[in-house]
C-alpha cells in the first residue's frame, strides 16, 4: 500500500492496514518551501502490521540523510545519533510546532499545550 501526505492533506482518505505500506511526504515542510525558508525534506516511512519498520528523511538543503530502523538506532549521514543525557527540563531547549490546523477547537488545544510548556522555566 501507499499513503502520500499531499493527497491526504488534500482531503483524500487513507486507512492504515496491516499490509506493508509506504508513507511518503515528498515536500515535508511545505509551508517552509512556499516561503523559501530552507528547512525542507523528503520523508519516507515503511510500516508493516501498523508498526513502523524504518524511516528515511533527506534534508535537501543541508544535504543530510537521516535514517532509522526499528531496533537498530538512528543515523545522520551514517553517523549514529543519540538523545541528550539531559534529564532536567529547565536546562533544555524546547522546540515546538504550531501546525497548520486553524480549527477553533484545535487552536484551543494548541494554546493550552503551549501555556503548559511556557510555564516551565526552559531555555527557549
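Keep in mind that glycine also has a Cβ here, set from the backbone N, Cα and C atoms.
Here is what TrEMBL records for this protein:
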type    : residues      : note
BINDING : 5, 25, 27, 28 : Mg(2+) binding site
Look at each of the binding-site residues, 5, 25, 28, and point out the one with the fewest other Cβ atoms around it within 10 Å. 5
Taking the Cβ of residue 27 (Mg(2+) binding site) as centre, how many other Cβ atoms lie within 10 Å? 16
